[in-house]
């Protein structure tokens, strides 16, 4: 298969996986799992799985101090800032508004890719971003009253930090293997959430046994989602992956409909169609790009 389309499939798989996480998290929270406990366990268990894979496949990890620093910045700082901003925004403003503001990140990724990597912003990319975002407005849009400036800034902070995460991740993959990159990012993110949870006294591991099943499922999705996300970036570009990532909420919507019997309006269904149609437009015209081997 052509590497570009293979990368696009990885990006869609990553979006689908991450779209399942919020629904599984609802069940985990219902069993007594706190947000920081879930984040810590999610990334620590994912790191254990990935390092075990690397060890049993006898892959050497030859990283210098600078490589470790890059991975710490990516996982321990950038991704952690994104997570804290995103979850804090959801707790302050409407989750719908937080999601809409967060999904401005493909615009930021496209601009950063143009400024840093010289990646062209084509008409097709502009069309995909604009129409997909319009679809998200139809999907999540509501009358937003009593807007909280701090919440809005936090949601935009999540968008900016995630954009930097995608761009910087592409840079890291130039010198560090995919599995090693993902393992270290999860490891450093886990300890950041551990420290934050201890500082705020919000770590709690006294939850129901069934909750561990949901934590385990979220961990497996995290492993597959991160590997697919970075594989997609390596084989296509951060911009393409960010656009395809706009399909992520659709998986959440579908699962919410199946599991929670949530009802959706015609406008929301049209919004789903717009997102799917526009985001997948990037698949129909291959971007010229030199693909590096793993």
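Every residue, even glycine, has its Cβ placed from backbone N, Cα and C.
Keep in mind that what you see is a predicted model, and the values were worked out from it rather than measured.
Listed in TrEMBL for this protein:
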DOMAIN    6-140  domain 'EamA'
TRANSMEM  35-56  transmembrane segment
TRANSMEM  77-94  transmembrane segment
TRANSMEM  100-118  transmembrane segment
TRANSMEM  125-144  transmembrane segment
TRANSMEM  150-168  transmembrane segment
DOMAIN    150-279  domain 'EamA'
TRANSMEM  175-199  transmembrane segment
TRANSMEM  211-233  transmembrane segment
TRANSMEM  240-260  transmembrane segment
TRANSMEM  266-284  transmembrane segment
Same-chain Cβ contacts of the transmembrane segment (100-118) under 8 Å, 6 or more residues past its ends?
86, 89, 125, 129, 132-133, 136-137, 140-141, 152, 155-156, 158-160, 162-164, 166-167, 170, 237-239, 242-243, 245-246, 249
Work out, from DSSP, the number of helix, strand and coil residues along the domain 'EamA' (6-140).
114 helix, 0 strand, 21 coil
Contact call for the transmembrane segment (125-144) against the transmembrane segment (211-233), three or more Cβ pairs under 8 Å
no
Highest Cβ pair tally under 8 Å against the transmembrane segment (175-199), stretches 35-56, 77-94, 150-168, 240-260, lands on 35-56
As a test: from 77-94, 211-233, 240-260, 266-284, pick the stretch that has the greatest number of Cβ pairs under 8 Å with the transmembrane segment (150-168).
77-94
Pairs of Cβ atoms less than 8 Å apart decide it: which stretch in 77-94, 211-233, 240-260 has the most with the transmembrane segment (266-284)?
240-260
Restricting to the domain 'EamA' (6-140), report the mean pLDDT as a whole number.
88
